[in-house]
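Reading through the structure tokens given below for one structure.
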Amino acid sequence: MGPIEEKIDLESDDDEIPFSSSPLSNKVHAFDFEPKMYPGADVAYSRIFKQIRMGPLRSIYIVLIKAKINLLLPFGPLAIMLHYLTGKHGWVFFFTLLGIIPLAERLGYVTEQLAFYTGPTVGGLLNATFGNATEMIISIYALKNGMIRVVQQSLLGSILSNMLLVLGCAFFIGGAIHRHKVQNFNKAAVVVNSGLLLMAVMGILFPAVLHFTRTEVHFGKSELSLSRFSSCVMLIAYASYLFFQLKSQPNLYNPIDEENSNNDEEDSDEDEAPEITYWEAIGWLAILTIWVSILSGYLVDAIQGASDSWNMPVAFISVILLPIVGNAAEHGSAIMFAMKDKLDITIGVAIGSSTQISMFVIPFCVVVGWFMGKPMDLNFQLFETATLFITVLVVAFMLQEGKSNYFKGLMLILSYLIVAASFFVHVDLSNDDD
């Protein structure tokens with residue numbers, strides 16, 4: 001027993017650790033364990049420290065100061081001052097447009113931050129919803145003032161802008177950056193959205209055809225009744241679409257590269273970490289939406305005065321200029337995601353926004369006008385209805401392949417230029433209805 005005890009003592013002396021002699025410390029030393037070296041530890045620690053550094057002041061800096069486009073924010077208060085001091089509608093309209101642009105872009109940024117917590121499908125839906133908040137607010141304000149044609153043309157312009165200009169720019173810039181590879185997106189989701197857009201065209205087409213063929217049972221009344229009935233049906237269809245998309249078959253809308261993205265998740269955690277927290281994003285969405293709604297009121301009031309001072313048709317202002325500003329959020333977000341090769345979110349933002357306007361915002365405005373006693377209907381006149389029908393067909397054919405490139409984007413942009421030129425020379429004979 002003596003030699004064995006001496007051997008044990010010798011071994012314990014060899015394994016002795018200067019600052020600790022506990023058995024656990026010896027085990028750690030013997031197996032060379034380093035507690036901070038488990039996989040993903042650095043990423044976890046960096047996320048914790050980022051969460052600690054996130055605060056109200058940092059959130060204000062990121063949302064309102066950091067981006068260069070925020071230099072346009074003072075134009076909003078300036079437009080309100082000009083409205084009360086000078087009454088020059090042309091300048092008020094112009095400065096209000098400039099003031100809304102950074103707000104719409106910041107809405108897109110905050111919604112992108114929220115998408116980190118909700119996933120791509122819900123993130124795209126949120127982006128489309130808050131991106132369309134500007135159009136909905138402008139529409140309700142104009143509807144209250146009896147400007148029915150401004151409501152119809154601005155909502156039509158939003159659909160055309162999203163489907164041709166926003167999607168076209170996203171495809172063009174994304175395709176130019178990733179020109180050595182093919183950009184793919186989920187074709188099944190696009191088919192569903194295209195079907196909803198065609199259903200919306202059907203709902204808008206029939207009241208116009210009924211009016212211009214003069215085949216109504218009660219002239220002027222059947223068209224309005226049909227519009228209200230069709231609007232209720234379209235709202236039911238959109239609610240069913242949301243249930244189908246989010247609850248019934250959410251896997252249909254998963255990005256096609258979801259399997260491959262899991263392998264690179266750890267590598268991209270640092271680059272893709274959110275800059276603001278979940279509740280900060282929700283708070284900023286509310287604040288920005290309220291400020292946009294305030295500026296939208298001054299924008300609507302200045303439309304007619306801007307048309308007179310600039311010698312520009314109200315139809316062109318309503319269909320082209322208003323939607324370009326209102327869609328700044330979708331425009332920036334769609335291009336940003338296309339540059340990152342996330343075309344499924346790009347499609348969800350651009351086409352999803354068009355689907356939401358056509359199947360929710362337009363029918364919603366008809367129902368709101370019904371309660372207000374305003375004769376808001378789905379008769380968008382033949383020229384506007386034909387433009388929408390051709391646009392939906394062109395975009396549906398562009399998307400049916402499930403692939404994109406810069407040439408498709410260029411064709412969509414050029415198509416939008418044709419539409420813009422057409423409305424510049426278009427005389428709206430139904431302006432007397434406002």
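Using N, Cα and C of the backbone, Cβ positions are placed for all residues, glycine too.
From a predicted model like this one, the values you see are computed outputs, not experimental measurements.
Features reported for this protein in TrEMBL:
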{"type": "DOMAIN", "residues": "91-246", "note": "domain 'Sodium/calcium exchanger membrane region'"}
{"type": "DOMAIN", "residues": "281-423", "note": "domain 'Sodium/calcium exchanger membrane region'"}
{"type": "TRANSMEM", "residues": "60-85", "note": "transmembrane segment"}
{"type": "TRANSMEM", "residues": "91-110", "note": "transmembrane segment"}
{"type": "TRANSMEM", "residues": "122-143", "note": "transmembrane segment"}
{"type": "TRANSMEM", "residues": "155-177", "note": "transmembrane segment"}
{"type": "TRANSMEM", "residues": "189-213", "note": "transmembrane segment"}
{"type": "TRANSMEM", "residues": "225-244", "note": "transmembrane segment"}
{"type": "TRANSMEM", "residues": "281-300", "note": "transmembrane segment"}
{"type": "TRANSMEM", "residues": "312-329", "note": "transmembrane segment"}
{"type": "TRANSMEM", "residues": "349-372", "note": "transmembrane segment"}
{"type": "TRANSMEM", "residues": "378-399", "note": "transmembrane segment"}
{"type": "TRANSMEM", "residues": "406-427", "note": "transmembrane segment"}
*With pairs closer than 6 in sequence left out, are the transmembrane segment (378-399) and the transmembrane segment (225-244) joined by 3 or more CB pairs under 8 Å?*
yes
*Establish whether the number of Cβ pairs under 8 Å between the transmembrane segment (378-399) and the transmembrane segment (281-300) reaches at least three, counting only pairs separated by 6 or more residues.*
no
*DSSP-derived helix, strand and coil totals, residue by residue, for the domain 'Sodium/calcium exchanger membrane region' (281-423)*: 120 helix, 2 strand, 21 coil
_Long-range environment of the transmembrane segment (155-177) - Cβ separation under 8 angstroms, sequence gap at least 6_ = 132, 135, 139, 183, 318-320, 322-324, 326-327, 330-331, 334-335, 337-339, 341, 343, 346-347, 349-351, 353-354, 357-358, 361-362, 365, 380, 384, 387-388, 391-392, 394-395, 404-413, 415-416, 419
*Output the single range from 91-110, 281-300, 312-329 maximising the number of Cβ pairs under 8 Å to the transmembrane segment (406-427).*
312-329
_Per Cβ pairs under 8 Å, the stretch of 91-110, 189-213, 281-300, 312-329 packing most closely against the transmembrane segment (60-85)_ = 91-110
